[in-house]
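Annotated in TrEMBL:
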- 24-106: domain 'FAR1' (DOMAIN)
- 96-121: region 'Disordered' (REGION)
- 225-322: domain 'MULE transposase' (DOMAIN)
- 334-369: region 'Disordered' (REGION)
- 621-713: region 'Disordered' (REGION)
- 628-638: compositional bias 'Low complexity' (COMPBIAS)
- 663-684: compositional bias 'Low complexity' (COMPBIAS)
- 685-695: compositional bias 'Gly residues' (COMPBIAS)
Amino acid sequence: MTAHHNNIPGDPAPSAEALFDLINTFAKESGFGIVRRNAYSYNGRRMRYSFQCDRYGEPRPSRGAGLRQRKSRKCGCKWMVIAEALEEGEWLLRQHPNPEHSQHNHGRSIRPSAHPSHRRLTTPIRATIESTSRRVGIRARDVRAVVQEQHPESTFTQRDIYNARALINRDKLNGYTPTAALIKLFDEMDVPYVVKWADDEPSRLVGLVWTFSYCLQMWKRFPEVISFDNTYNTNRFKLPLFQATGQTCLGSVFNAAFGLIDNERREGFQFLSESIRQLAEQHSICQPDVIVTDFDDQMKAALNDQFPDVQQQLCIHHINSNVLLKSKQKWVKGRSSSSSPDSSDEDKSTPQVRAELSPKDRQLVHAPTSEDIPHSYRGVLMMWKLVLFAETEDAHEKAWRNLCREFDDQRAILRYLHGTYMPVRAQWARCFIRKYRNFGIRVTSGTEASNNNIKSYLLNGMSHLYRLVEAMQDMMKDQERDFNDACAADEVLTAREYIGSSSEYLGELRTAISSKGLGLINKQYRLARKAMPTGKNPFPEPLGGCNDDCSVSVELGIPCCHKVYSRLGSATPFTKWEVHPRWRLREPSSRDPYRRILDPKIATALRGRPKNTTQAVPARLAIGASNRQSSQPASQGPSRRRRGRPPGSLNRSTLARVELDASQHASSQASSSNQRQKRSQSGILGAGRTTGGRASGRKTQPSIRRRRSQWELLNSDEEILPSIVVRGDIDSCS
């Protein structure tokens, strides 16, 4: 079958490319494709082309071994036209003088997609493919559908989308290796980074730490608590990806910095921590108050070297998971507490079972502790949580002794807990870490969530470094947009519990701080409300003093229940200056230099240097100490006579001096007792004689002001000093 095309476009075109597009459109309408051949130049100027049918000529003979059977589009067609350049710079088509080049020997094609000339990657189509292909969740067939919708004249196949993606990725590298192209991109975009080169090969990259502008913005705004963690399977070089993350006022996660290292030894973590500190100093970012990590000794040592004044915390989720796993592996059945010697031979008889945590076990890590504690490896975790979440140090030690007493038959588990976690209990026990400004952050779950988020932007774990950073840039754009949208919604939407007269004590805090901060203040409000006298309960239980045990303001940066109680009594609302700036929805925009002045760090001198190393465990917390203390009163009986005076007794000289001091102060104490009694009677208000209609006949909250020291009492009431001395002497005698 032959076909003639006499109506070839004859209008001149301004360029050779425009002429090609013109003839290609004509070929598409006529059912064939074209190629450009036989270019001729004169004096450096292109003068002539020949446009041929893409099925022109005969198939070439195969020169391969026949392993790959290639197909050919050639069918012996002779159709061809000539494109010539005019003196004015325009291009014009003319027919070939040979008539055999004016016809085809084949019919029209079924679809234009059969010809490559109709599937050319134009600039608009390339931009569409590039913008839609940045998201790894969009497949090639979805991209083709988008291209077909936005460019109806295109006839792309799915294979064309794959080829276009590969071409775009090659053009981004611009002939460089992916790592070299990444460093070039950092320099062009002014991205802060620190690079480490190999000692034996100065041109080979072995470590890289970088951050982005949005990361620096959030890092400056929320620098107090930073979490560190690693992840894997993000690049083809198998370099572990290191992340430093923090939490916003909404409780969401932001990325502060990223890093890649070639090893997980001390030198690798040393480079990471040193680079993080260097980036923070370059951009005037405050050092964190708390750093949360998992139990990696090398990472902790490197962080302690670069941040010696920062308190470290251990992720309690990792601790509880490891405690449950080790308890399951070391659990010994059928052994009573009386037959559990505290010797090294027990470990040899303990079966080393390669147990793993079941889905039910993993749920137990997050579940609250119940009152019914079984005598099993799960019961070990339940009682361990009581040790971990104890509010006071006495309750912490009591819970540990109860754990040792209950599971005395599992000495291997107890030795693991005592030797692994008790020396660093200042980094995970609630009674210790609540004295740090950590804003309630005790886990590295935010960093692990960021690890999973990065992998969702990657097609697989075989990406090169340039593609990895591209995915992070997309993640940062989404993170910035999500945070701004969430802050805008949180400022406009107000919970019903903060609307009305009962929340007037909050004042401007209802719109100034986040809902997460309001929720924490609301918990303190409930505690203060319970201590307020009501008609049903005119004598409520008092709150107690606002002393060192009240660590809410230090830990969370919000008013404690004592301050809320005081504001409820005085009907004075809070201001935003009484809450830590971390909880504000809007970043402070004041240019007043005095607004940038920060208070000294809280309680730094009281708690001394950070406890980031192992500490000696007190002897009273030894594994067998609880049993010895419980059996000591029963074992005390008739025993051999001991030399010296009994414990707690005084010698004769000391006793004579105590009696002399007591007789000297007896007269002064008797004379001043009458005066103090008169003053106390005049200062005490009898029952039913309280003033005011609100608290009439009811017991009000006692004053939470601190008590005066003995030095203040000495200057104000000199007659109280003898009673203090006598009481101290009597206490020393007892």
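Including glycine, each Cβ sits where the backbone N, Cα and C put it.
Within its own chain, the region 'Disordered' (96-121) is flanked in space by residues 1-6, 24, 27-28, 30-35, 53-55, 75-82, 129, 154-157, 160, 164, 167, which lie at least six positions past its ends and keep a Cβ under 8 Å from the stretch. Taken through DSSP, the region 'Disordered' (96-121) splits into 11 helix, 2 strand, 13 coil. Mean pLDDT, taken over the domain 'FAR1' (24-106), works out to 88 on the 0 to 100 scale. In terms of DSSP secondary structure, the domain 'MULE transposase' (225-322) contains 34 helix, 31 strand, 33 coil.
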